[in-house]
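Asker: I'd like to ask you about the structure that follows.
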Amino acid sequence: MTHDGDRLVTAEADGDDQAVEAALRPRSLDEFIGQERVREQLSLVLHAARARGGTPDHVLLSGPPGLGKTTLSMIIAAEMGVPIRITSGPAIQHAGDLAAILSSLSEGEVLFLDEIHRMSRPAEEMLYMAMEDFRVDIIVGKGPGATAIPLELPPFTLVGATTRAGLLPPPLRDRFGFTGHMDFYGPAELERVIHRSARLLDVPVDDDGALEIAGRSRGTPRIANRLLRRVRDYAQVRADGRVSREIASLALDVYEVDASGLDRLDRSVLHALVTLFGGGPVGLSTLAVAVGEETETVEEVAEPFLVRSGLLARTPRGRVATAAAWKHLGLVPPQNAASGQSGRTGQPGLFGIGPEHGGNPAPSANE
Ligand SMILES: Nc1ncnc2c1ncn2[C@@H]1O[C@H](COP(=O)(O)OP(=O)(O)OP(=O)(O)O)[C@@H](O)[C@H]1O
Ligand SMILES: [Mg+2]
């Protein structure tokens, strides 16, 4: 079974990333590449707060993993010249855990709450009051004798990060003065991320080399930085250390990350869909058996990027390969192949729903 953490192209951080990421993080808004709209909006929020000599409004950053939410939270603190306290939703099990953190904040401090959608309910309710009134009620005792002791907090800025903004309860969402939505990066922006990281890591990379890595990075700076490190290894061991388009492409071929950023699992899903099931529709569990993976692996690890790339569509009748998928595998799409748009509008297939066998007679190439 393939675990997401084993993959070079996963957007989640792995242990290997953490030390390097700290070194590669932009430290100011000016250094932060791309996300123009969020950057401009945030810059206004911070400038205005500085001009008033106050604390900026609470900020919510939402978007897929690896796009720079943690980085931006640190930049907010740096731009304001205040310390930052870092914690996460899952780390706060009890309201008391949160009370302890809140009551020890210094004036103006940034509290970064990662994965804020995973906080416990009682902590969430305490947070509402802390965000709005800079106050918490500490409950002392139990039962009828319990009393609430109000505790004043210094003004602080909460920066919440979430990959799932939709899961936040509206009362929590409403208490943020500013919400920044992070989006996947374009190739030109990733090229700049790669050039910047290459400078910091002291790796000579030419423009074509950077662009080649960018194209395989799934719109995600974290992946771009990780691929750059693997390409650097290759360039040092097999060549003179310089990264050109050719070296980048040879290196990433070794790691089985193709020109569109698909890895072996992604390609084997597409390949099975196209060669064994005539492009579908086919049920998820049948598809998973065909590639020898768990249904969860196919659904949660491979499919999101295939859908986003317009290569696979989830329809009520099952998974379907788009015309682009056939072309990606170097095959000629059949006349009736899905256009790729249906992936965005079609209903997502559910476990076990939809036919387990394709409606099309599979031309079943056995190679
Ligand atoms: N705009 C950017 N410019 C340059 N580097 C960036 C940018 N955004 C992210 N990075 C780099 O990508 C890596 C991952 O960023 P970060 O940890 O901030 O992502 P995240 O959104 O917090 O991810 P997660 O959801 O997994 O917590 C960092 O090493 C950072 O240096
Ligand atoms: Mg983060």
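For all residues, glycine too, the Cβ spot is worked out from N, Cα and C.
Any TrEMBL annotation is an automated prediction that lacks curation.
Per TrEMBL, the features are:
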| type | residues | note |
| --- | --- | --- |
| REGION | 5-185 | region 'Large ATPase domain (RuvB-L)' |
| BINDING | Leu24, Arg25, Gly66, Lys69, Thr70, Thr71, Glu132, Asp133, Phe134, Arg175, Tyr185, Arg222 | ATP binding site |
| BINDING | Thr70 | Mg(2+) binding site |
| REGION | 186-256 | region 'Small ATPAse domain (RuvB-S)' |
| REGION | 259-367 | region 'Head domain (RuvB-H)' |
| BINDING | Arg314, Arg319 | DNA binding site |
| REGION | 334-367 | region 'Disordered' |
| COMPBIAS | 336-345 | compositional bias 'Polar residues' |
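So where do these features actually land, and what's packed around them?
Answerer: The Cβ of Leu24 (ATP binding site) has Arg196, Ser197, Leu200, Leu201, Asn225 as same-chain neighbours under 8 Å, each 6 or more residues away in sequence.
DSSP assigns Thr70 (ATP binding site) to a helix.
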Asker: Would you count the other CB atoms within 10 A of the CB of Arg314 (DNA binding site), including those on all shown protein chains?
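Answerer: Taking all protein chains shown, Arg314 (DNA binding site) has 22 Cβ neighbours within 10 Å.
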Asker: Quick one: which of the binding-site residues (Leu24, Thr70, Arg314, Arg319) have their CB closer than 6 Å to ligand 2?
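Answerer: Among the binding-site residues listed, those whose Cβ sits under 6 Å from ligand 2 are Thr70.
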Asker: Whole-number Å only: compute the distance from the Cα of Glu132 (ATP binding site) to the Cα of Arg319 (DNA binding site).
Answerer: 46
Asker: Running a distance check here. Ligand 1 versus the binding-site residues Leu24, Gly66, Thr70, Phe134, Tyr185: which have CB less than 6 Å from one of its atoms?
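Answerer: Among Leu24, Gly66, Thr70, Phe134, Tyr185, near ligand 1: Leu24, Gly66, Thr70.
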